[in-house]
Amino acid sequence: MAAAKPHMNLAVIGHIDHGKSTTVGRILFETGVVQQHILDGYKKEAESKGKATFEFAWVMDSLKEERERGITIDIAHKKFETPKYNFTVVDCPGHRDFVKNMITGASQADAAIIVVSGTEGPMEQTKEHVFLSKTLGINQIIVAINKMDAVNYSEEKYNEAKDKMTKLIMSVGFKPAETPFIPISAFCGDNIKEASANTPWYKGPTLLAALDLFKMPDMPTDKPLRLPIQDVYTISGVGTVPVGRVETGILKKGQKISFMPANVTGEVKSIEMHHEEFPEALPGDNVGFNVRGIAKNDVRRGDVCGPIENPPTVAEEFTAQVVVLQHPSVLSVGYTPVFHCHTSQTACMFTELNKKLDPRSGQVKEENPAFLKAGDAAICTITPTRPLVIETAKELPQLGRFAVRDMGMTVAAGLVLSVKAKQMR
């Protein structure tokens with residue numbers, strides 16, 4: 001059996017009508033995941049509803065209500081293969097709530113395709129998505145300039161959209177020289193799998209070929225062990241078994257570990273994945289591990305396991321770069337929403353608004369602003385209302401990102417810049 005191809009999570013991001021779902025549907029069709037007869041069924045249904053161009057999008061939007069509205073709501077996971085990688089597509093809705101899923105889900109994307117319409121170019125929302133992608137740790141992107149069929153495959157229109165997107169991604173910190181810009185028509189199939197005769201002026205890779213140019217993200221095995229707990233079980237005859245995903249470092253049998261903020265220690269007796277025992281677990285592995293020396297009630301979801309000599313950091317307070325996505329009024333000092341970070345959900349208070357930033361350049365716009373509103377980016381000091389493990393995004397990005405939830409929506413997202421550690425006795 002050939003060794004499994006490396007796996008990558010791919011986010012597909014874009015403004016609501018720029019053809020994101022259609023692009024994903026087309027990729028799944030061209031890679032053989034979705035067969036023609038299924039598509040024909042979707043096509044008939046789409047035509048009967050007067051949405052003839054939506055058949056590929058319907059592959060992703062398989063929920064009935066979404067189909068009738070023609071927009072993507074929940075994140076759908078679909079898998080496909082290229083010669084080099086196994087991809088899981090995280091079809092990110094052009095709606096606001098995908099941010100929470102992007103940060104806290106297993107859907108932490110390694111790379112992204114940004115779909116922008118050749119007829120309209122980047123929109124305000126495109127900026128926000130690109131900025132967020134960078135904020136959330138996506139470092140590799142492809143820009144797909146879609147709907148080329150609607151502009152008669154005009155090189156001029158392509159260049160117009162490309163120039164605008166070049167400026168936009170540069171302002172956020174992506175390097176245009178390392179970013180493929182590809183003219184496509186997801187609906188007609190141009191430059192998805194085969195080079196299109198309609199764009200003889202374009203000499204670069206097709207979309208599927210460009211996906212194989214992505215570099216595999218580094219496995220953070222050299223970092224200290226950090227394993228956020230999802231659940232804790234008691235198994236008779238075995239004992240206490242915490243379950244979670246290794247984010248960084250290596251979990252080893254026989255290792256002495258500590259759980260924070262619970263502040264308890266134990267020793268790893270055994271490690272299990274898919275009902276098989278393993279001597280160690282690496283980043284990305286979802287494991288159950290039996291720990292000697294702790295009882296079920298000692299540890300809970302949201303705790304983080306680390307080596308006894310380098311335990312996870314419990315924050316007294318932390319400073320973070322925060323982007324406000326949506327808020328019905330304004331956000332000011334004293335605001336205490338719920339922060340979702342790794343598996344933890346903890347109410348935290350904004351105790352200081354230090355600097356307001358220009359979201360496009362990152363430059364300081366205002367010192368100590370009185371409030372923040374939707375669309376603002378800022379550096380803030382935040383105090384958890386109860387002990388919380390959080391690390392700096394620079395050292396351990398997997399534990400340094402968070403989503404801020406309130407009133408049933410994601411109001412903000414951010415990255416931890418520094419942590420003032422709480423002394424644990």
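Even glycines carry a Cβ here, placed using N, Cα and C.
If you look up Swiss-Prot, you'll see 5-221 marked as domain 'tr-type G'. The region 'G1' feature in Swiss-Prot is assigned to 14-21. Among the features that Swiss-Prot reports, GTP binding site is placed at 14-21, 91-95, 146-149. The Mg(2+) binding site annotation in Swiss-Prot covers S21, and the record cites sequence analysis as its basis. The region 'G2' annotation in Swiss-Prot covers 70-74 and is backed by similarity to another entry. Residues annotated as region 'G3' in Swiss-Prot: 91-94. Under the heading region 'G4', Swiss-Prot lists 146-149, citing similarity to another entry as support.
Between the CA atoms of G14 (GTP binding site) and the residue listed as 'Mg(2+) binding site' there is a gap of 9 Å, rounded to the nearest whole number.
Secondary structure of the region 'G4' (146-149) per DSSP (helix as H, G, I; strand as E, B; remaining residues coil): 2 helix, 1 strand, 1 coil. Counting only the Cα atoms, the space from S21 (Mg(2+) binding site) to M148 (GTP binding site) is about 16 angstrom. Here D17 (GTP binding site) comes close to S117: these same-chain residues lie at least six apart in sequence, with C-beta atoms under 8 angstroms from its C-beta. Neighbours of K20 (GTP binding site), defined as other CB atoms within 10 A of its CB across all chains, total 28.
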